[in-house]
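Below is one structure, written out as structure tokens, with a few remarks after it.
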Amino acid sequence: MAEQVSIDKNSFHNRLSSLITQWKADKRSGNNVFGDVGSITVAMGKSDETQAFHKANALQFWLLGYEFPATLFLITLETMYIITTKKKAAYLEPLKGGKTPVEIIVRGKDADENAKQFERCLETIKAAGKKVGVLTKELSSGPFVNEWKMAFSEISKEVEEVEIGPALSSVMAVKDENELRAIRNASVASSHTMSDYFVEYMSDVLDKDKKITHKALTDKIASKIDDEKFFKWKKAPQNFDTMQLDWSVQPTVMSGGNFDLKLSSDPDDNNLHAGVIIAALGLRYQTYASMIARTYLVDPNKNQESMYKLLLAVHDAVIKEMRDGIQAKDVYNKAISIIKSKKPELVERFTKAVGAAIGIESRDSTLVLNAKSTRILKDGMTFSVTTGFTALDNPNPQDKKRDAKYALMLSDTVRINPQGVNEAFVFTRDAPTDMESTSFFFNEEDEEEKPKPKPKKDSRVGAVASSNITKTRLRGQGGTTQNEEKEAARRDHQKDLHRKKQHEGEEKYGEGHGNLNGTAEKKFKRFESYKRDSQFPSKVKDLMVLVDPKNNSIILPIMGRPVPFHINTVKNATTSQEGGFCYLRINLLSPGQGVGRKDDQPFEDPTAQFIRSLTFRSQDASRMEDVRDQMTEMKKAAVRKEQEKKDMEDVVEQDKLVEIRNRRPHRLDNIFVRPAVESKRVSGAVEIHQNGLRYHHMGNQKIDILFGNVKHLFFQPCVGELIVIIHVHLHNPIMIGKKKTKDVQFYREATEMQFDETGNRKRKHRYGDEEEFEAEQEEKRRRAQLDKEFRNFAEKIADAGKGEGLAVDMPFRDLGFNGVPSRSSVTIQPTTDCLVQLTEPPFMVITLTDIEVVHLERVQFGLKNFDMVVVFKDFTRPPAHINTIPVESLDGVKDWLDSVDIPFSEGPLNLNWATIMKTVIADPHTFFKDGGWSFLATDSDSEGDDDEDEESEFGVSEEDLGSEASSEEESDFDDDASAEASEEEVSDDDEGEDWDEMERKAAKKDRDGGNDDEEKKITKKKPSKR
């Protein structure tokens, strides 16, 4: 046993020191958390496996990593006392000699000696202060705890007991790196169990119409924890130990109308029912818990789908709201506000809390996300986020007894990210929650088969003649070319795509859907220059204008006192000369002053008065100008710092790269990287490791790219290019030097730089075409070898990252076209999943699945170029512009867009996309209700309609064709005249006119126009009538 119990001394003292440091800080700041206690006592009784984790054993696990029954912790600001038995004391002995003194008191069988030990503890408590922190709602029991309570009752009148649970919760709520790793491992294992075992087994049961009770299914899931092979799957975390797994939340499966979202009741003996199925479970790894719950819909109706989409929207909004510095009640209120805006009647049926802190305890009752909690969320905290609706009415139940009422529930384990990151990180994201993944349809054969529409009869063809038609075209449509057919088919396909896009928009942005950016209330910004007057520079005594760059402040003498102003309150400073004095004017920012939206600031207090400017004069003009220059530079630095902070908001710190140790990693040498690490052009090497790539540059410098952060991997050969490329497009940007980038490119030049066109030695022996031909062949061989080497390396990267779904994508050069996405004209090429430009920075990678619609601008006769605008599904993302595309590429671009099912439109003008997207973001529901993107296709559609109208106006009826055929030999009109007559005369009558009428009209028109030449061409002989 002694060899098995090993307590981490460093971890123990770091955590104990953290507790005492926060305790002391709370005493200085008003005793809001610890309640001014002088000591803390936590007694642990006998071990009981039936009891869940609580504060007493959670504190032991947090400090020691083990549970020590019959042990008392007494903690003061100076020392920690541990009263325990001799055997346990042996394990605790190594803890002595750390940051905080630890005294171990060994209990024996002598009752008198034990009583003296407790008396000594009581004296220590009284000496520490009049208040002692205890766990009043403690669940521990046993002889040891009873003995301690009896001893403590002797001084209960002398000291005041304070509930210390919330204070311990606040200390243990913020997790360190090891704790976060344990919770992540537990969450990943829970997601794996849910998505790869439960879902597969459940769908198999329902598909084969098997019978299994909720209890039997729950037991089957619970027994899966012993399947060591199952928990060694491809995505298992590094060094994952299956022996450390335990259940924190026993598996629960509910269906058939009996739902308990509190998970307090045991599974019943009813059979699994194909309807709404809720499954919940939670695995514990190294004593740290996780929680996951999912709702699966079997053959759902429209009402159930809309309810689930609402819950999903609420769940996602809650996770996005969970940020560092937010109050717990604000998270709950966010969920309620969304429900009120969409379906206010469901507020009463929503859960009373949207989660609680999770760690060693599977649910920390002192840190709950409800409407009353004022606890502040901090970076490093972990929560189980649970949202759900209960007792929902099903308007169209398949089984009136079991489907009339249903519930919905989602639960995830998340971590609060640092400030600047917009939302919490979801540890259980591997188990999807989207509608497509959680819906199952087994009764497709019951759906009514739609009757096939009968083929429409052509009104121009009789019943007998219709059987003789053997082509897709009638003779009357003989003028239709193959290109026109292709255009018509493309137009029909595009109409279908636009219709589908409109339907998706209307479904996604239902009634009551607000601004996509939210309605964030502007707040009056506050800045602090100095916390106390002792921090002022010593020169303030001189009552002069001072610039303090260290504290980003200026100090101005006003009414005989130095008054500090933060640089962010200053708009600008100017100087002017007048009457022998130099005037320094300092303009300050104030509400209502700015004319633009960026300058506008809200009034915090309507009665407040603001200073807009201050003017100082001095005869020392050079000093005034020097002060002005210092203020201007400090203002620029503050603006630059703010912009850098804003730019860094979406940069996420990657996990550490796990290097390959047992063998030499695959390596590609003599490689250059873009963006460059430094200005010098020096090559490096790329290596493939267990979970990512590493680029070595100039010795110690390196760039790590994890496979989990790679969104796309491209290989571009050197055909038609000067370089061969492996390009990596990332999910989240990383820092390379001081640059933020989402694209990292490894390349090598395909040309031989050492080749000298004029001074090569070979030119002395070979002349003319022979040498040129040999050089050309050598160039081809070198390029082919380069392509092969890079392609093989790219495939090795994809193979190493196949667990993250990596695959090599390659541009289709034949489908490429020239355009200007940034500054210069480059070749833009489609790939299987993207539209890319990888040759010149800034690179362009547009994922096809991110595209909402594409609009082609400046498409009109006479122009040599047109522009392409790509609108993304994320409307808050600015549209991408590709300008100056040659008009020769128009058909190719249209064909490609149509082939990848992207709806596009075209128009003659450039549109103001900033205004358009602002309108869409402000109210997407109204936008789609009013027709969505149909306004883009108005011009192109109207042109198409005109073409159709022209064809119908000039179409020739069957009778006309018959008349022409019968009188062809006797007609005195030559081909030109016939063509002119058919172009000039338009008949609106379906039956057509006879030849006499047509000839009369032609002669009249010729007379009116004075066209004598045409009269000579017409002979007097009329065609015979039949």
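Each Cβ is built from the backbone N, Cα and C atoms, and glycine gets one as well.
The coiled coil feature in TrEMBL is assigned to 624-654.
Feature annotation from TrEMBL assigns compositional bias 'Basic and acidic residues' to 449-460 (among others).
Sequence-distant contacts of the compositional bias 'Basic and acidic residues' (483-495), counting only residues of its own chain at least 6 positions beyond either end whose CB sits under 8 Å from a CB of the stretch, comprise 894-895, 898, 903-905, 944. Positions annotated as compositional bias 'Basic and acidic residues' by TrEMBL: 483-495 (among others).
Annotation comment: TrEMBL describes 940-997 as compositional bias 'Acidic residues'.
Look at TrEMBL and you will find 998-1017 (among others) tagged as compositional bias 'Basic and acidic residues'.
What TrEMBL lists as domain 'FACT complex subunit SPT16 N-terminal lobe' is 7-168.
Annotation comment: TrEMBL describes 545-695 as domain 'FACT complex subunit SPT16 middle'.
Annotated domain 'Histone chaperone RTT106/FACT complex subunit SPT16-like middle' per TrEMBL: 817-907, in sequence order.
Here TrEMBL flags 441-520 (among others) as region 'Disordered'.
The region 'Disordered' annotation in TrEMBL covers 757-778 (among others).
The region 'Disordered' annotation in TrEMBL covers 938-1026 (among others).
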**Prompt:** Do you know the DSSP helix, strand and coil residue counts for the domain 'Histone chaperone RTT106/FACT complex subunit SPT16-like middle' (817-907)?
**Reply:** 16 helix, 42 strand, 33 coil
**Request:** With a Cβ cut-off under 8 Å, give me the same-chain residues at least six positions beyond the ends of the coiled coil (624-654) that come close to it.
**Result:** 420-422, 545, 547, 549, 552, 554, 567-568, 570, 572-575, 582-584, 586, 616, 618, 704, 706, 709, 732-735, 740
**Request:** Count up the helix, strand and coil residues in the compositional bias 'Basic and acidic residues' (483-495) according to DSSP, in that order.
**Result:** 13 helix, 0 strand, 0 coil
**Prompt:** Averaged over the whole of the coiled coil (624-654), what is the pLDDT?
**Reply:** 84
